Amino acid sequence: MLNDQLRRVLQQMPKAELHIHIEGSLEPELIFALAERNGVKLAYGSVEELRAAYAFTDLQSFLDIYYAGASVLLKEQDFYDMTMAYLKRAEADNVRHTEIFFDPQTHTARGVDIKVVIDGIYRACQDSPVSATLILCFLRHLSEEDAIATLEAALPYRDKFIGVGLDSSEVGNPPEKFANVFARCRDLGLRLVAHAGEEGPPAYIYTALDTLKVERIDHGVRCLEDAELTARLAKEQMALTVCPLSNIKLCVFDQMEQHNLLQLLDAGILATVNSDDPAYFGGYMNDNFIATFEALPLGLSHAHRLSRNGFVAAFLPEEQKQKFLAEVDAFFAKI
Ligand code: ADE
Ligand code: ZN
């Protein structure tokens, strides 16, 4: 059991969130409210019925419901309301900085203009006291041509996102499928991340690093199956954006007691804790920290390290990063 002091520390410590899909923050109540507002018909009759469907067996079983949930998003205000609801939850969890993923292809495929998507999400970020930046994700189950067309459509709004990522169905869609579009993004000065080693093998982490040249690996928990890769990630201080509750809900690990977060830290890896799709996986940042610390032998020193790791791995100007890190160290100095 977690003692009261450690629980309070986990709740109150400053945090950076580096792996949050904004469409995964849509709570069932907001899905129903937006469906009504926009006249969208849902396959579920009530909030309870929808929530009851959140029993996933793997990544794909989740993605099918996640894309259906996103179908209620049509107008700029919808994207604003979704993002503002997330930012309020993040603020309540003492998240100081967040780098938010969004999936434009999920919306443009339904006829929603990419400008509507980006403007709505970006405006909410501007209106929040939480420092927030955006990362545009390509859906890896679609073609590279589709990703390139999405990038071109987003370029008029280049000032509103800092980087690109790669998400959706991992197995069978290796990083190298997107070599050309990532090379173009690199030339454009965008920051690069990719999901790899969530369900996919360590080989996908290698190609994310060596072919796509990503600067962080999203998930990456399967790296421990390869000792050479583990040592490399530690040596290069390559950040992993780990999402503990997600990993349990999508059956990457059977139980939190089996999660490898502590082994990653003990291997010297720059692991961070994140919520992934908080509305679907049972919780936001603090829930992820508390569930992990309840199940694993983690203590105050790990809390300090994880709080720091989030800011170390963030795509922030150096001065801002140091300011946040000083805030973290001041918080822990007072305990
Ligand atoms: N899209 C939203 N959440 C995801 C995850 N955990 N893995 C891959 N794609 C996603
Ligand atoms: Zn994710």
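Positions of Cβ are set from backbone N, Cα and C atoms, glycine also.
In TrEMBL this protein carries:
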DOMAIN    14-330  domain 'Adenosine deaminase'
BINDING   His19, His21, His195, Asp276  Zn(2+) binding site
ACT_SITE  Glu198  active site, proton donor
SITE      His219  site 'Important for catalytic activity'
BINDING   Asp277  substrate binding site
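Locations of recorded TrEMBL features on the structure.
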residue: His19; record: Zn(2+) binding site; DSSP class: strand
residue: His195; record: Zn(2+) binding site; DSSP class: strand
residue: His219; record: site 'Important for catalytic activity'; DSSP class: strand
residue: Asp276; record: Zn(2+) binding site; DSSP class: strand
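Nearest to Glu198 (active site, proton donor) in space, judged by Cα atoms and limited to the recorded positions His19, His21, His219, Asp276, is His219. You'll find the Cα of His19 (Zn(2+) binding site) roughly 9 Å from the Cα of the residue listed as 'substrate binding site'. Here the domain 'Adenosine deaminase' (14-330) has a mean pLDDT of 98 out of 100. Checking the recorded positions Glu198, His219, Asp277 against ligand 2, none has a C-beta less than 6 Å from an atom of that molecule. Neighbours of the Zn(2+) site: apart from His19, His21, His195, Asp276, residues of the same chain with C-beta atoms within 8 angstroms of the site's C-beta centroid are Ile20, Gly24, Phe101, Asp167, Asp218, His219, Thr241, Cys243, Ser246, Asn274, Asp277. Sorting the recorded positions Glu198, Asp276, Asp277 by the number of other Cβ atoms within 10 Å puts Asp276 first. Checked against the residue listed as 'substrate binding site', the recorded positions His21, His195, His219 differ in C-alpha distance, with His21 being the nearest.
Between the alpha carbons (Cα) of Asp276 (Zn(2+) binding site) and His219 (site 'Important for catalytic activity') lies a span of roughly 9 Å.
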